[in-house]
Structures are given as structure tokens and as C-alpha cells.
Amino acid sequence: MESTMKEIRGVGAPCVLDMDDAATVGGGVEDTYGEDRATEEQFVTPWTVSVASGYNLLRDPRYNKGLAFTEKERETHYLRGLLPPAVTSQELQERKIMHNIRQYQLPLQRYMAMMDLQERNERLFYKLLIDNVEELLPIVYTPTVGEACQKYGSIYSRPQGLYISLKEKGKILEVLKNWPERSIQVIVVTDGERILGLGDLGCQGMGIPVGKLSLYTALGGVRPSACLPITLDVGTNNEELLNDEFYIGLRQKRATGQEYADFLHEFMAAVKQNYGEKVLIQFEDFANHNAFDLLARYGTTHLVFNDDIQGTASVVLAGLVAALKLVGGTLAEHTYLFLGAGEAGTGIAELIALEMSRQTKTPIDECRKKIWLVDSKGLIVSARKESLQHFKKPWAHEHEHVRNLLDAVNAIKPTVLIGTSGKGQTFTQEVVEAISSFNEMPIILALSNPTSQAECTAEQAYTWSKGRAVFATGSPFDPVEYNGKIHVPGQANNAYIFPGFGLGVVMSGAIRVHDDMLLAASEALAQQVTQENFDKGLIYPPFSNIRKISAHIAANVAAKAYELGQPPHLPMFLSY
């Protein structure tokens, strides 16, 4: 380390170190805070560039270790007297925090405890999340993050990320420069108009980018300092929030039309100017009418990814590919019926059709005919085509009009039923019994989040199908016993895909997201399902292996990006 030190300023001032080129990893971005080694056993805390001392050190979550500071570190960094004399290990800290979290009765209390820890001791937060991912994922992510967003104004204590409102129009580049980090690799951005299945939460949607990026780090290994959560506040049409004295956003109706488009265009241009073309911009929880337009408009000029459309599609396709090993047949030999024709539904449908086309060498228009969608007005058919939104039109097939899901199930006789409606209890007993009547093992995916919005519960699916359904949901459900057999529902959680996908994109140096990269991610995930998982009826691997799964996905995505000619040069990690 001494050989890399070029300058040391006075006692208590920052210590500046120049790192050798060989020491820089993670897509060529310098490991400024030693985050790549954050959870390793270390004799010395890896402060590589900027070190605060004394009281300020304890208030910086990137460096603070609490009682885990060693005697030598306390002496070196002027911490004597600022901490109790006990020295504890990170493992003991972890046990203590988990014990405290488990004492809380309400999920929101646990969420707040985790967010407080992230603001105090970043390393311990990620260590906790990595080691207890199956227990804590529903706390920092769906379903609890939905409730957190609903009450964000009341629980807000410290800013996490950037809030860019219409007040900053014309100055967005300046706002981006206010963020202290310069080497940003992943941005998750929302305008809060369609948070999970909860609707317009305006500025309070910030919980989603914060939660997603914590998973980019915990599950995908992307450095915290390279992640930037952003909320674009263009107003809200939620009257309850506008009248809430604790609401933290603009108190005005949503901007629309040209005003909205100009604001988004300024933001996208500013991001590219400030961070370059290799920063991944993940659109999150935009309303349907904006989500598709943004992806179409910026997909050819920026490195953009919409998790609601593309991430959901990739994880569901992986589940379907795995499910075929249980029920038999190929993708093209099955018939698909969706309840819900928004971002998730049409995104999944399109990726299924793409993979079907790739496997059979059949034109994609022909493959789409195996896939049917039901929206709020019934089955999408050719007779409705003129009145349909543009993203629904490819799914308008020749058929008589059918007004409800049960009639559609009986008419289409699908082998796969997928719910993306955002409306709970829409897979009724009659619907499940109907699809089970002409399928020995019906595939039923109730994907809407949070738990309250799931189309049916695991218990309902297994009971009504007499234990024959291959079932997965978007939010977690407990195992179900039916006729003496334990059925473990799978969770089609986007967290399987986006951390590894993002890591692969960033590492490869890609400048555009291609559909084949999404297919590569699906293929990699499906490969991780073992025979032991299949024996339990699972079509997804356990989350306990998620970091290895993410690494496998990242490698597949990066290799596909290079195959497509995305990065100009073969990355070093692929050259061996």
C-alpha cells in the first residue's frame, strides 16, 4: 500500500492514494472505497482513497464499523473515547441486529430498522442482507417496500438518492453534479406513477429505486458508490397524497404531454453527458403509456432497461422453460393466456414469442398467435384493434369477443395461465378448476405484487387444482400441504434477473440492451434449477444461492453482449 501512496495531508484530513491500474476492477471503475472487498475477512479496513478520522468517521456509513473497529484502528483514526471499550466482530454485530429485527412485529418496522442500518453502517447492512437474503428480501424489497412507499412521507428521515423535480427543469445537469460520486454505473429511476400494484405514489416512489439498488449490490455485487437512485417528481394525481401534510413531493397534478417529454429528454441527455454512454439506466414503475414510449425512444441512443417490461419477462420465461421439464413439450406446443395487458403482460408475451421464434425458426407473428391476452374489456381480439393501445395490437387475434377471464379460459383452453393484472383474487375457484379440467399439470403464475394483489394464493391454487398445478407467484407465499404432500410455491421475483443482468451489462462495457441479452439471462437462470428443486415442484432455484446465480447470469449476458458486437473490445474477464 505504501508504494501507491502519493500524498498525505495533515492529521484528520483526507488521505489520498493513487491506485495502480492493475488494482482497478469492476468494469474499469476504480474501487474507491474498497467495496469489492467489503465482506472479506480483513486485518485492516480497506480505505483506499479518502479517509475521515475521529467523530466524522463514525458518522460516515461507508466507513463506520461501530464496535468492530480494532484497538489499532481506534488508535490510528483518533477514535479513542468515542466508542465504548468493547471490541466486537462483524459476526456478533450481525447476530445482534438480526435478533433486534426479529423482535419487531410489523414488516414496516423491520424495513425502517434496515434502512437505519444502511445509513449508519453500510458494510454491516450488506453483510446482513447477503447472509440472510431469504428472510430479509421481502423486507427491503417487495412486498414491504410497497407499504414503505405508501408511508414514505411519514417515515422519511434522511435523503437517499436524488430528487429531481419540475423546479429543476433547465438545471438537471447541475443537479446531477450535486451527487458526490462521479463513477456511476447503474441508475434506477422512477416517476412514481405506477408503484407495484399500488398506483400513483408520486415522489414517495423513491423507496423502489433505493430498494432495487440495494439488491444490485447485495445480490449482484455492484458497488454501492456506483449506484444512484433517482426520483423524477413531475407531480401526482393522487388526491390523498396532495392533501397529506407529510407528503414530501410537489403538490400539483402530474405533468403530461410535451412538458413531460421535454423534462425526460433533458434528464436523459444530462445523464449521458455527466456519466457517459455506458451507465445503465433502469426505468422503474412508470405508467404503461410512458414506459413503452421511453423504452422505444431511448433504447437506440442510451443503455436503458425497463425491469417491469424486460426484467419481468426474462424471469417468467426462465420459469416457463424450467416448468417444461415438469409438464413436457416445447414453448411452441403450449398455449398461453394472460390476465393483464400492461407493461408486464405484453413484455412477457413478447419475450416468449421471441424465444419461440428462435427455437422453431418461425416468424414471430406466427408465434404470437399462441399467446392470448385479457384486459379490462375482455379478450383482446381483432374486432377491437382500432381502439387498442399500440402495445396491445400485436396480440389482437381472430376470435369472437369474450368478456371475462373464465369464458376466455373455456374458449382458449390454455395450458399456461399468467396473471399480471395488479388485481387480487381474480384467479377464482372457477377459473382454476376450469384450467385444471383440461390440463393434467396446469402452469399457473399469479405474478402481481404486493401479496395483497396476487391473483390467487398458493393455498387456493393447490387446493382448487387438487395439488396438480405448477405454481409460482410474484410475492412470497409459504409452503402448502395438500393430501399429505408439501407443495413449495416458486417466486418469479425480478431479483433473480436484474442484479445479474445489470452486472453483466456493466462488466461487458455494452452500450445498448438487446433482446438476445434478455434471452441469455433467462437461459442462465433456468439452468440453475436442479432436480431436487423440480421434485418439490419448484421452477426457480432457492434464493440462498442468489449470488452464484447472479454471477452465472452476468457471465452469460456479458458473453452474449460481446457476441453481438456490443463492447468494442473483449473484456479481460472473458479473454481467458
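Just so you know, glycine gets a Cβ as well, placed from its N, Cα and C.
Just so you know, TrEMBL annotations never went through curation; they're auto-generated.
So that you can see what the record holds, here are the features copied from TrEMBL:
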DOMAIN    118-299  domain 'Malic enzyme N-terminal'
ACT_SITE  Y141  active site, proton donor
BINDING   R194, N449, N493  (S)-malate binding site
ACT_SITE  K212  active site, proton acceptor
BINDING   E284, D285, D308  divalent metal cation binding site
DOMAIN    309-562  domain 'Malic enzyme NAD-binding'
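Ranking the recorded positions R194, K212 by C-beta neighbours within 10 Å puts K212 at the top. Other Cβ atoms within 10 Å of the Cβ of E284 (divalent metal cation binding site) number 27 in total over all chains.
Each residue in the domain 'Malic enzyme N-terminal' (118-299) has a pLDDT score, and their mean in this model is 95. Summarising the environment of D285 (divalent metal cation binding site), the number of other Cβ atoms within 10 Å of its Cβ, over all protein chains shown, is 26. Rounded to a whole number, the distance between the Cα atoms of D285 (divalent metal cation binding site) and the residue listed as 'active site, proton donor' is 14 Å. Long-range neighbours of D308 (divalent metal cation binding site) (same chain, six or more residues apart, CB within less than 8 Å of its CB): R194, F283, E284, D285, F286, A291, E343, A344, G347. There are 26 other Cβ atoms within 10 Å of the Cβ belonging to N493 ((S)-malate binding site). Rounded to the nearest whole angstrom, the C-alpha distance between N449 ((S)-malate binding site) and K212 (active site, proton acceptor) is 15. The two recorded residues, K212 (active site, proton acceptor) and N493 ((S)-malate binding site), have Cα atoms 12 Å apart. A simple way to gauge crowding: the CB of N449 ((S)-malate binding site) has 24 other CB atoms within 10 angstroms, across all the protein chains here. Using a 10 Å radius centred on the Cβ of Y141 (active site, proton donor) and all shown protein chains, the other Cβ atoms total 25.
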